[in-house]
Amino acid sequence: MEFSQFKVNALMEITACPDLVFVRGQGSWLEDHAGKRYLDFVQGWAVNTLGHCAPEMKRALAEQADKLMNPSPAFYNLPSIELAQRLTSASCFDRVFFANSGAEANEGAIKLARKWGRVNRNGAYKIITMNHGFHGRTLATMSASGKPGWDTMFAPQVEGFPKAEINDLDSVRALIDAQTVAVMLEPVQGEAGVIPATREFMQGLRKLADEHGILFIVDEVQTGMGRTGSLFAYQQFDVIPDIMTLAKGIGGGIPLAALLAREEVCVFAHGDQGGTYNGNPLCAAVGVAVFDTITAPGFMEAAQARTRQLSEGLLALSAKRGLRGERGMGLLRALVLDRDDAPAIVEAARMLAPEGLLLNAPRGNLLRFMPALNVTEADMARMLEQLDGVIAAVRK
């Protein structure tokens, strides 16, 4: 079937898309309408924890679909209880609210913090966030984000999100006042160019929060569920946050997100928060399958081996091509280029024949890598070899 036969004009345009339609996927590979295969190192922007069409997920979907799909959040259902128990047992948090997207989870975190401020800090409502941070695309989460240009895109913004600089504790300290209720950040800023917070900064934020009686919120929408080498990124900094949000990898490709909080922060009254599909058993059952797979013996050790392979491969490529190194945590990594030709490299990689390569360029001088956590050693080596060839071809 030719691309021109697809009625793509029925879709509202929100981004520029190449002239291809993906029709199937398996593991680290996608196939388009013309039968061309692509090695996928984007995986839905770090969503597909187990790759495309993982058998564990398909099995969970089929089994749950045969039992119960959507009873309403007004009633308990078994998969949501089971997933909540797993998440709280594996973290420092006591309670979970399930949502459908990272933006919705972060919106919930903002509401929970503001409610806590009303109850415990005389109506404090300001949440300090970071320049270049990314928290979602609702009006409140766009306002919380520090993405350049977003302050005017749908003006006026939601008020109450002063911006500090990541890894600059003094910039956070200077913004704290009587109306401050929390500080919120991503442990690794993904859209900003895969910039990890330092251990000193994360521990300093926890100390600042304790000194001023405010909350410490981690947005682990992209970093959670094994992506950075531990189940949750905050665990690598030896800090205990008050609130955490998850999405992307928790569902492995199914719309699922979570807002987690410590008991003393759970101040929502009945009716303060809700949603039609929150805790949907079909999605939660898949979440259980993803959780059980990545916490099974040997899984994270294998992912850590692929992390070393990716990091060492990118460093070798950087040295060979005169680039500026690599950075990241776990299987969320970036190759820093010496010029702004990342978009051209992404396009050339996709156009490779007979099989393409899917990469991501959040910045003009940077490539981001977000493979499935179970990517094979052979596919990792193949990507590194293809990338070397593409960079050479683009820079002829």
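Keep in mind that glycine also has a Cβ here, set from the backbone N, Cα and C atoms.
What Swiss-Prot lists as pyridoxal 5'-phosphate binding site is Gly102, Ala103, Phe134, Asp219, Glu220, Val221, Gln222, Thr276. Here Swiss-Prot flags Arg137 as N(2)-acetyl-L-ornithine binding site. According to Swiss-Prot, the feature N6-(pyridoxal phosphate)lysine maps to Lys248, an assignment based on sequence analysis.
Fewest other C-beta atoms within 10 Å: among the recorded positions Arg137, Lys248, that description fits Arg137. Residue with the densest Cβ environment among the binding-site residues Gly102, Phe134, Val221: Val221, by other Cβ atoms within 10 Å. Between the binding-site residues Asp219, Glu220, the minimum number of other C-beta atoms within 10 Å of a residue's C-beta occurs at Glu220. Asp219 (pyridoxal 5'-phosphate binding site) sits 12 Å from the residue listed as 'N6-(pyridoxal phosphate)lysine', taking the Cα positions as reference. Summary for the binding-site residues Gln222, Thr276: the Cβ-based neighbour count within 10 Å is maximal at Gln222. Geometry remark: Lys248 (N6-(pyridoxal phosphate)lysine) versus Val221 (pyridoxal 5'-phosphate binding site), CA distance 6 Å. Lys248 (N6-(pyridoxal phosphate)lysine) carries a helical DSSP state (H, G or I).
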